[in-house]
Ligand SMILES: *Cc1c(COP(=O)(O)O)cnc(C)c1O
C-alpha cells in the first residue's frame, strides 16, 4: 500500500465512514453457532445431615494412586517453565506398557481433545462423521467444530452399536467413524468378532476411531483389543484416557495409539504445550502403579456387578454395563428420577426424555442409587 499523502483521505478515514462499522459484530462460522453446549455432570448441592455423592461424570471415586501426588507436586515446583512439548517421558512409558513404537502414540489434554483433533485433521467442511446415537455427547460437538456433519445411527434397543446400520450409513463423504466401546452412556461394548467383521467392510480411506475411554473396566467374552486391532488396519486409531480408571480427570491427559501417519496428523493439529508437566508426571506415575490400579478397577467392577444385580432385582431392564456407569432407560421419567436422586443426595446425569446415567461410586452412593431406583419402580408399578 502506498503511503498516504497529506490531505488525502486515509484508509482509517475510509473505514470510519463505513456505515456498517458499528452495526455488525464479528460472527463465528455458521457451524460454530449451531453447536449444542456440552452439559457437564453437576456437582451435588450440599445438604445438612446428608453426605452427597457425585455420580454424574463417570469419575473415579478414589484419590490419586500411590506416588502420583508426590510426582505431581515435584512437577508443580517447575511451573515457571513450559512443559516438555513432546511429552517424551510419557511417550516412553506408554510405548513400554503397550509395546508400540513411540511414533504410534499421541497425547493430548484428555481423549476428548484427541477426538476433536482427529476430526479437524481428517474432515473437510461438509464431510460426514458417523457415530452411534445416543453416544458420547462430545461427538456431534466435535464434528461441528470441524465443520463436518455428524451422522447419528440409532443404537439397538438394548443400547448396543448397530454396526450393520453404521456400515449402511457410509457415503462417499464419510471420512470418520467413531466407535464408542463401551458406549457412553448406555454401557454395552462391542466384541472383537463384531469389530473385525465391521472393519473388513469399512473402506480403507475411512478412519475408524475406537474410543476406549473405559477399556480397563471391560469384563466380557471376546473383548476388543484396540492395540492389536490397530496393528492389523492402517485406518484404525484407538483413543484412551487417564481420566476414568486412572482417576486423573482433573489433570486432562489422554492418548491415541495408531499408525504413524495418523498420530503425526494428530500432532500437527495439537495445541502446543497443552499437556502440563504436572499431568505428564501424574500419568507416568500412574502407569507405574499397576497393582494398585488393578485392585481399584476390580473393586469398581465388583460394585458395578452389585449395582446391576440390585437394579435388575428391582425389575428394571438395564443394559449390559461394561464401563464404570449404568444406564436406566426411564424415557420421559428421566428428569423426574434425577430429581428424586438429588433429593436423596445423589447427583446422576439425566438425558431428558431418554434415560439416566449413574456412575459407579462409593459403596454407600451405589447402595443409595439402588434403593432410590427400587423405591421408584415399586411406587410406579403400584400406581399403574
Ligand atoms: C470420559 C470420556 C472420554 C474422555 O474424556 P477425557 O477426560 O477428555 O479424556 C472419551 N470418550 C468417552 C466416551 C468418555 O466417556
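Heads up, the Cβ atoms here are built off N, Cα and C, so glycines get one too.
The annotation region 'Disordered' is assigned in TrEMBL to 22-53. Here the region 'Disordered' (22-53) has Cβ contacts under 8 Å with residues 59, 125, 137-138, 140-141, 144-145, 147, 342, 344-347, 349, 359, 361-362, 364-365, 368 of the same chain, all six or more residues outside its ends.
The compositional bias 'Polar residues' annotation in TrEMBL covers 24-34.
TrEMBL lists 37-46 with the feature compositional bias 'Pro residues'.
Under the heading domain 'Aminotransferase class I/classII large', TrEMBL lists 54-371.
Sequence annotations record features per position, and here TrEMBL assigns N6-(pyridoxal phosphate)lysine to 244. The Cβ of residue 244 (N6-(pyridoxal phosphate)lysine) lies under 8 Å from the Cβ of 58, 59, 60, 213, 214, 216, 217, 323, 324, each of these being in the same chain and 6 or more residues away along the sequence.
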*Would you list the DSSP helix, strand and coil counts for the residues of the compositional bias 'Polar residues' (24-34)?*
4 helix, 0 strand, 7 coil
